[in-house]
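Below is one structure, written out as structure tokens; the observations come after it.
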Amino acid sequence: DIEVGVINSLSGPFAAFGERYQAGMEVALEEINAGGGVRGEPLTLSVQDDRSEATSALAAIESLNRQDVPLIMGSYASSITGPMAQLMTRQEIPLIVLGSADNSITKPGSPWVFRAKHNSTIVAESYFDYFDFLREQDDSLETVAMLYGNGAWPASLAEEGERLAEERGYEVVGNQSYDQGTSDFRPILNRFRSEEPDLLYVVAYAEDGVAIARQMREVNLNAKAVAIDTGAALPSFVDQVGDLAEYVATVVSWSKDVQYEGVEDLYERLKAKTGEEPTFYEAEGYLALRVAADALERAESLERSDVRDVLAETDLDTPVTHVAFESFDGFQGQNPIRSLVLQIQDGEHVTVFPTDLAAEDVRYPTPVWDER
Amino acid sequence: MKKHYIIFAGLVMVGILYPQMFPGYLSVAITLLLYAGWATAWDILGGWAGQVSLGHASFVGLGAYFVAVGTAHHEIAPWWSILMALVAAAMLAYLWGRLTFKLKGPYFTLSTIAIAEIFRLIAINEGWLTGGATGVFIMTLPEPFGLDLFSRQVNYYLALAFAAITVLVVMLISCSKFGYQLRAVREDEDSAMASGINPTTVKLKAFMLSGALTALGGGIYAIFLSFIEPHIIFYLLLSVQIALTAIIGGRGTIWGPCVGALLIVGSGEIFRTTFAEANMLIYGLLIMVVVIFMPRGIVGEPARYLIRRVYAKRAQG
Amino acid sequence: MSDQADNVLSIQNVDLGYGSLKVVFDASLTVKSGELVGLIGGNGSGKSTILRAVSGMIKPWKGTIHFDGQEVSGRKPHEMARVGLAHVPMGRQLFGNMTVHDNLLLGASLPAARDRRDENLEKVLTLFPDLKKYAREKAVQLSGGQQQMVAIARGLMLGPKMLLLDEPSLGLSPLLVKDVMAAIRRVADTGMPILLVEQNVKQVLQVSDRAYVLENGYQVLDGPSSELQDNEKIKKAYLGL
Amino acid sequence: MPSALKADGITVSFGGVVAVNDVSLDVEQGKILGLIGPNGAGKTTLFNALTGFVTPQAGRIYLHGNEITRLPPYMRTRVGIGRTFQTERPFEELTLLENVLVAAFLKEPKRKKAEQLAMDVLEKVGLADRYDQPALDLNLARRRRLELAKALAVQPSVLFLDEMMAGLNPPALKEMIEFVRRLTDQNLTIVMVEHIMEAIIELSDHVIVMANGSVITEGLPRDVIEDPRVITAYLGED
Amino acid sequence: MFDYVSFLQNLSNGVLIGGVYALIGVGLTLVFGVMKIINFAHGDFVILGMYCAVLLNSLLGWDPYLSLLVAMPLGFVAGALLQRLVLSRLMEAPPESSLLVTLGLALVIGNILLLTFGAEPKSVNVSYASSTVSLGEVSFSMILLLAGLATMVVIAGLYTVLNHTELGRAIRATADNRLGAELVGINTRWIEAVVFGIGMALAVTAGVVLIPLLFATPTFSGAIFTLKAFVVTVLGGLGNIGAAIAGGLLLGVVEVMGASYLTSDYRDAYGLLVFLLILLLRPEGLFGKTVKRV
Ligand SMILES: Nc1ncnc2c1ncn2[C@@H]1O[C@H](COP(=O)(O)OP(=O)(O)OP(=O)(O)O)[C@@H](O)[C@H]1O
Ligand SMILES: Nc1ncnc2c1ncn2[C@@H]1O[C@H](COP(=O)(O)OP(=O)(O)OP(=O)(O)O)[C@@H](O)[C@H]1O
Ligand SMILES: [Mg+2]
Ligand SMILES: [Mg+2]
């Protein structure tokens with residue numbers, strides 16, 4: 001058997017995400033082994049729980065190191081993946097990032113760290129590309145209000161957003177962060193309402209996203225286009241928010257209706273695995289293991305340096321995205337992935353941008369609440 | 001007391017040889033040593049002086065941030081930044097204590113949670129000072145005498161030194177005048193005053209010492225992780241873990257916090273690898289069981305039982 | 001046995017202790033209905049320990065305790081109160097942050113006592129008229145002696161079948177000691193059996209019908225109080241004569 | 001003889017209740033002042049005012065001629081006041097020796113010497129053989145003696161004893177009276193509250209009688225107990 | 001120009017949010033007052049209530065308020081059992097023990113939920129989730145109004161029980177002096193079980209009332225609720241029921257006003273600062289007073 005290491009958050013606060021990555025990796029594993037494994041041997045995962053904390057993840061690295069795994073995949077939070085990346089660079093173990101999207105993991109990065117999924121710059125740019133695209137249709141789009149949690153991901157996405165807004169000539173009329181765990185956004189939304197922003201750029205996890213969407217209605221806050229990152233990407237968002245979810249846009253690394261080959265098949269398998277509507281989290285888990293297996297197959301030996309060398313030369317098409325690790329804009333080992341903008345239309349997440357990958361047209365503008 | 005010094009010397013010897021024997025298990029050992037040191041430092045205030053703090057993550061954070069921001073943003077060598085952190089922690093503890101020491105028991109404890117939470121928010125929101133919510137990476141460190149401060153070995157010996165220093169400090173305190181003043185204040189402040197002790201001063205000294213030592217560990221922690229994020233490092237759960245470690249081991253005993261660290265970190269690591277998703281559940285149960293059957297801690301409970309029993313024997317005989 | 005039958009309290013051959021420390025050895029003691037029995041002995045001889053065992057705060061290691069015809073060893077304090085035993089402990093155990101009035105009412109918490117609450121309250125206030133003055137004050141605010149009175153009064157509010165008093169005169173002014181002793185005698189005269197622990201041996205022997213003497217956990221003497229008063233040993237050891 | 005402790009017009013009130021009302025006293029060095037009065041008269045409160053545990057609304061306190069009115073309790077201990085508490089307050093988790101050691105450290109910062117001092121004091125009060133027993137398990141008479149030992153170990157010049165004798169059985173009482181008497185031989189000044197008349201009469205050089213917060217009379221013990229006001233308010237007719 | 005409408009809007013939001021906080025805090029206040037237990041699992045009890053509503057909604061389609069009929073009694077029994085079987089063993093132990101045991105309990109509850117329900121946040125989508133009731137230009141969130149109403153009912157009930165019934169007197173007596181209560185014939189172990197049961201029932205109630213508003217997550221938000229409960233409790237004075245309302249309202253108003261007129265990223269800090277301030281000026285809480293004697 002060929003064993004690869006996985007460090008994932010299976011317990012603790014990030015377990016919700018860990019579970020999904022795990023499911024995605026399992027689907028990839030089944031696919032790979034059904035196709036004869038790698039190098040003619042079955043592939044197995046040596047999974048270690050990091051309890052959602054960095055120190056356990058570091059202990060897990062040592063433990064996997066003792067098992068001599070050729071590479072390790074992990075983990076979700078940047079507070080865990082950051083220290084992992086540092087240690088693994090020193091110990092010269094290849095790391096394929098599982099969930100963490102923080103820029104700092106691959107910028108400046110290291111020769112040992114690879115990320116096939118997006119980062120905050122790519123995601124923020126997708127949002128602003130989308131806004132620009134809307135502005136082509138309606139040149140009155142000018143002002144943007146930003147609202148984000150104070151976690152690492154929302155904060156970095158907000159930072160990028162602020163930079164891009166300036167670069168591309170939007171006026172930021174509101175810029176507010178909130179402490180995660182807050183459930184009452186009325187004070188902020190009320191404030192935004194008096195600013196009458198054209199665009200609303202929100203970065204919030206699931207619960208917060210739902211609360212924000214509901215309370216926008218409650219305080220009667222309107223915008224021509226609304227983007228809610230992360231929170232709005234989950235199927236549960238539509239369940240919880242119902243009709244209020246219509247027109248909301250969100251950026252993901254993968255969606256079931258994107259125009260890549262094999263997407264439908266992957267969708268079915270992911271869905272069968274979890275029994276629920278799959279999300280980009282599962283897809284990213286799947287992606288990471290596919291990248292790993294591809295490298296192991298191509299490597300001269302299972303020596304870590306060999307594995308690293310071929311990882312750097314990855315050129316792989318998957319139903320999730322195309323993968324090639326490049327150095328650009330200060331990033332290193334980063335896949336310049338094309339993120340997708342989804343919009344919620346009639347209770348479904350629909351890919352609407354970039355246009356060449358889109359399944360439907362964008363619905364614009366968002367009608368005001370009272371007219372829905 | 002002598003036997004404590006012998007145990008101490010023995011443990012330090014084992015500690016020095018450990019990396020040679022188990023080079024593949026350093027991260028766990030570092031975590032254990034850090035917790036042993038933190039819990040021991042916490043215990044100066046929480047155990048010996050009887051003021052249960054659930055805000056010690058603030059001091060860990062202070063130490064960690066001085067080192068991380070110092071190297072990452074201002075190019076200050078970690079030994080200088082740790083030194084500054086020690087002073088800052090002592091000053092912080094002084095002000096903190098001045099403000100809250102008139103509160104007793106649970107009120108004091110709750111106030112520490114509140115203050116620590118405020119520090120967490122400051123660390124997150126004041127990006128100009130701390131690097132903000134996205135955290136701080138330590139990319140490069142100076143190499144004193146050619147030592148690579150990032151290497152596990154060096155991290156390990158730093159953590160060992162930290163744990164050894166705190167335990168030594170507590171050993172020295174425990175049989176000194178100050179140690180008895182601490183215990184007196186813990187037992188009964190009025191009665192302590194009648195013995196000429198100023199409870200506030202004594203508690204302040206304990207808090208300053210405890211805070212400074214905790215910050216020392218925090219600085220080493222930052223080097224160990226090389227990436228710190230305010231949510232994690234100023235988190236209530238870290239404070240709770242530190243207090244938990246000391247209390248489970250036995251408050252107000254020299255070895256209790258170390259034994260607590262062995263149990264908490266050790267069992268955490270074992271459960272993590274054996275019980276998969278259920279590991280935190282088992283861990284929670286373990287805590288409950290230990291506390292229910294040994295409310296004064298693993299070291300504290302038998303010690304107390306032995307003393308009383310020996311005495312009962314003698315009284316009867 | 002008819003003799004056994006009118007024992008309200010009968011303790012037989014009990015060993016008592018704390019942790020692994022035994023402090024009372026093979027003690028036996030009875031209180032008949034209508035009797036005021038004294039229990040005297042040096043400090044630490046185990047008097048309070050015996051009372052604690054009777055009211056269920058500690059369990060006997062050996063031996064039995066019968067109260068009002070039932071075996072009661074090992075019951076909890078509230079169960080003992082329920083069967084009609086009122087224990088006024090040393091240290092009083094008042095409800096410090098509640099008013100004196102509330103303290104007294106709580107003395108009659110049990111359903112049986114609740115029915116006669118007003119009646120008992122009146123009785124108790126005639127016994128300790130000072131309490132009226134403090135009725136609205138919190139119990140902690142009272143001086144030591146005042147608290148002692150509240151404690152005895154609270155015990156009586158239960159309308160008990162028997163009263164255990166642990167050093168009721170502790171900390172009282174001489175005048176009050178006399179009053180309290182007289183009050184205890186008056187209560188006893190109403191037919192209430194009482195087991196009284198006191199340091200004030202002279203007073204105890206004056207008011208009680210019988211008394212037991214405890215030394216270092218061993219029961220060394222017992223008999224009618226009038227006889228004990230003349231006992232040489234007692235005179236030397238306890239009356240300081 | 002010089003005055004060891006002097007108080008002028010001490011008044012303490014809690015909310016509306018005046019617990020101590022304009023009380024003055026003056027004790028000469030090496031003498032014993034007895035303080036008696038009905039329960040709730042304000043004796044303990046006066047004690048607390050003199051030792052710094054409550055703040056008087058009015059009045060001044062002098063120790064050996066130096067004003068100490070504003071000093072916190074621990075400072076008063078440092079300048080020579082020792083006290084016991086009406087309900088004893090040992091450090092329960094510490095052994096007897098450690099209990100006394102805490103106090104002994106005040107004057108002897110060196111561990112060895114302080115330990116010696118603590119042992120001596122324990123010896124004096126007759127608890128030396130139990131030095132390593134936890135204070136938690138002591139019986140009343142021994143708790144009292146421990147309380148006394150703690151007060152003595154700070155080597156005070158004025159000692160406040162609040163109902164030290166209450167609850168002691170007659171032989172223990174005798175011992176305690178003897179013991180206190182011997183303390184004055186070493187020139188210690190003592191202020192004591194007591195309801196045990198035997199102790200007051202045998203020990204005190206001067207007696208103050210309080211009732212309802214005020215001094216109703218004072219004088220020699222023999223005279224005071226004959227005073228009809230004292231008899232009606234405090235002693236009761238025989 | 002000062003905008004009175006939005007001021008009133010913010011104020012009323014603060015009051016309503018405060019009502020929710022009060023509801024979360026009141027159970028903790030009661031338990032602390034009687035047993036001197038700092039219950040770190042309180043927030044996890046709240047979450048248990050949320051899952052209860054989620055479960056009944058997904059299985060039987062019940063409205064959350066309907067599930068109170070099941071959740072409250074269940075919470076009461078669970079709390080009483082927990083006290084009898086676990087916490088009662090700690091009566092003699094140092095006070096920190098209960099803190100640790102409830103902390104362990106919080107871990108256990110959270111992780112049992114994690115194993116049974118998965119980590120995915122769950123909620124109940126009610127039709128009135130974002131409906132509002134308007135009064136002039138000020139509008140009130142329907143779910144918050146309902147939560148406020150529930151708070152008032154619950155606290156009024158609790159207040160009546162504590163101050164006007166024999167059980168209440170017995171509870172207060174037990175809170176004051178456990179041995180003393182035993183001696184007057186109160187079965188304190190029973191009382192403690194009842195009190196813990198009530199405390200847990202209240203926490204569960206809070207959870208049910210909150211579910212239309214919030215998400216249930218197994219291991220994350222418990223600590224947040226616990227923290228809010230602590231703040232409420234201390235603001236009002238530990239053990240003082242009526243004051244828990246005041247504490248909750250104060251916290252809610254301060255947070256919302258701070259977030260509205262200062263910056264929102266320090267929202268939690270405003271509450272904590274007021275909490276500290278009150279703690280320092282009035283160590284026994286806004287309304288607490290206990291007399292201490294030397
Ligand atoms: N809670 C306890 N734990 C351990 N030992 C105890 C405890 N209570 C009492 N003792 C010991 O038991 C012995 C008897 O104590 P007890 O209180 O019964 O004596 P007593 O006769 O009532 O004395 P006193 O007159 O001083 O009240 C003493 O030696 C005491 O030290
Ligand atoms: N902290 C306090 N708060 C309110 N009232 C108090 C306080 N302390 C004492 N008092 C009141 O002051 C009065 C005097 O009490 P104090 O304890 O001084 O009496 P005492 O003379 O020592 O009585 P005893 O001989 O019974 O000990 C009492 O009426 C008491 O209620
Ligand atoms: Mg006794
Ligand atoms: Mg007094």
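The backbone N, Cα and C atoms fix where each Cβ goes, glycine too.
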Here TrEMBL annotates transmembrane segment, and of B:185-205, B:206-226 the range meant is B:206-226
Taking the transmembrane segment (B:79-97) as reference, the highest number of CB pairs under 8 angstroms among B:52-73, B:154-173, B:206-226, B:254-275, B:281-299 goes to B:206-226
Between the transmembrane segment (B:154-173) and the stretches B:118-142, B:232-249, B:254-275, B:281-299, the largest tally of CB pairs under 8 Å belongs to B:254-275
Same-chain residues at least 6 beyond the ends of the transmembrane segment (B:118-142) with CB under 8 Å of its CB atoms are 55, 57-58, 61, 65, 67-69, 71-73, 77-78, 149-150, 222-223, 226-231, 233-236
Have the transmembrane segment (B:52-73) and the transmembrane segment (B:281-299) got at least three CB pairs under 8 Å, pairs 6 or more apart in sequence? no
Lying 6 or more residues past either end of the transmembrane segment (B:232-249) yet within Cβ distance under 8 Å of it, the residues of that chain are 35-36, 38-40, 42-43, 46-47, 52-58, 60-61, 64-65, 112-113, 116-117, 119-120, 123-124, 214, 218, 221, 255-261, 263-265, 287, 290-291, 297-300
If one takes Cβ-Cβ under 8 Å and requires six or more residues beyond its ends, the residues near the transmembrane segment (B:254-275) are 4, 7, 28, 31-33, 35-36, 39-40, 42-43, 47, 163, 167, 170-171, 174, 241, 244-248, 281-283, 286, 290, 297-300
Long-range Cβ contacts under 8 Å made by the transmembrane segment (B:281-299), restricted to residues 6 or more beyond its ends, are 244, 247-251, 253, 255-256, 259-260, 263, 267-268, 271, 275
